[in-house]
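Below: the structure, in structure tokens.
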Amino acid sequence: MIISSANDYREAAQRRLPPFLFHYIDGGAYAEYTLKRNVEDLSKIALRQRVLNDMSQLSLETQLFDETLSMPVALSPVGLTGMYARRGEVQAAVAADKKGIPFTLSTVSVCPIEEVAPAIQRPMWFQLYVLRDRGFMKNALERAKAAGCSTLVFTVDMPVPGARYRDAHSGMSGPNAAMRRYMQSCFHPHWAWNVGLLGRPHDLGNISKYLGKPTGLEDYIGWLGNNFDPSISWKDLEWIREFWDGPMVIKGILDPEDAKDAVRFGADGIVVSNHGGRQLDGVLSSARALPPIADAVKGDIKILADSGIRNGLDVVRMLALGADTCMLGRAFVYALGAAGGEGVANLLELIDKEMRVAMTLTGAKTIADITADCLVNLDKVLAE
Ligand SMILES: Cc1cc2nc3c(=O)[nH]c(=O)nc-3n(C[C@H](O)[C@H](O)[C@H](O)COP(=O)(O)O)c2cc1C
């Protein structure tokens, strides 16, 4: 199969992966309206073409929290990435590292912090959920620090998990789930051999280390499900500050008032995100939520954005709407599921090239040049 985009990787991943894994990554919450809007709203934003400006020297480099990024992109935390390729988090982290961009390890990764961080040169980012078990949170922060992680991404849009209909139908959860997953694996022998067998253990690596016993998919649904904490408030973030002195980024902001609170709290960054449409279906797409947030806090705090970004043009659009850096979720996992770490590396090169085309034809020579001036009729396009 010829691969020229994240969508091609999506199709290739669908063929290679057992359905329960494909739908876990591909699906969203409830009727998946927000998931669709994330992608559609971004692709509708019109770029403003400019020509004859000698665009032979472009720079995609950017600075974020004292780190130099070869382009303004980081990989979002995605739980169970290690199920999509053999020791998948390590493979994805190595690809990001070679490209010169940050990889964020999820709380609920397959590979633990101690396996991924030493595999790469640049410091890893670590994502933490607020969980009832504060002992786990403290333990995870201490381990992330000991492993040299630079930035904490604190996800706040999951005080309760959203309902994902596809998971119940695919065998990820629901009746006879384990049997259904086993049967699906038998019909996907490449995955079954390479990942199902040779990629073991399929623990929730960070949680097994804390509990001192092996964990698995059932604990993902059980332990984690019981541990989400709806009582979370800004006070809990004060508590975390005691254990984390590096940059702290709050992920899951969709409203300017919450963004202002993040500035007041003293966070170093926010991620404008609706969790890829996996939490509250019906909320705004990130592309629509971002401009008023940027109006409220741009310059006071670093603004990262994810949800719906599938190519380099989308990255340029998000930057023009006010983001400082973008994050990729599904796009990199599709590539990982289809072609392992090489797939992720290739996807990042595609995004680099697409960004260069978009910058050349909008007249932006540097990342700082990507502003609302690169867009046409912003208000009109977004009001539609
Ligand atoms: C399968 C899957 C698992 C995810 N797991 C996590 C997670 O463990 N922690 C987290 O903060 N966000 C998680 N997210 C959300 C992503 O970090 C990111 O916000 C989202 O994927 C961005 O949308 P996109 O996939 O359209 O790019 C997950 C997303 C997906 C698709």
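Using N, Cα and C of the backbone, Cβ positions are placed for all residues, glycine too.
In TrEMBL this protein carries:
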type     : residues                                     : note
DOMAIN   : 1-380                                        : domain 'FMN hydroxy acid dehydrogenase'
BINDING  : Y24, Y129, R164, H275, R278                  : glyoxylate binding site
BINDING  : Y24, Y129, R164, R278                        : substrate binding site
BINDING  : 77-79, S106, Q127, T155, K251, S273, 306-330 : FMN binding site
ACT_SITE : H275                                         : active site, proton acceptor
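Annotated features taken from TrEMBL, shown on the structure.
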residue	record	DSSP (3 states)
P77	FMN binding site	coil
Y129	glyoxylate binding site	strand
T155	FMN binding site	strand
H275	glyoxylate binding site	coil
G308	FMN binding site	coil
L313	FMN binding site	helix
M318	FMN binding site	helix
A323	FMN binding site	coil
L328	FMN binding site	strand
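H275 (glyoxylate binding site) has T155 nearby among the binding-site residues T155, L313, M318, A323, L328, counting only those with a Cα within 10 angstroms of its own Cα.
With the fewest other Cβ atoms inside 10 Å of its Cβ, the least crowded of the binding-site residues R164, H275, R278 in this structure is R164. The record assigns Y24, Y129, R164, R278 to the substrate binding site, and the maximum Cα to Cα distance across that set is 19 Å. Of the listed binding-site residues, namely L313, A323, the sparsest Cβ surroundings within 10 Å are found at L313. If you take the Cα of Y24 (glyoxylate binding site) and the Cα of L328 (FMN binding site), they are about 16 angstrom apart, rounded to a whole number. With respect to ligand 1, the binding-site residues T155, R164, G308, L313, M318, A323 contribute T155, G308 as residues with a C-beta closer than 6 angstroms to one of its atoms, given in sequence order. Using a 10 Å Cβ-Cβ cutoff, M318 (FMN binding site) registers 30 neighbours.
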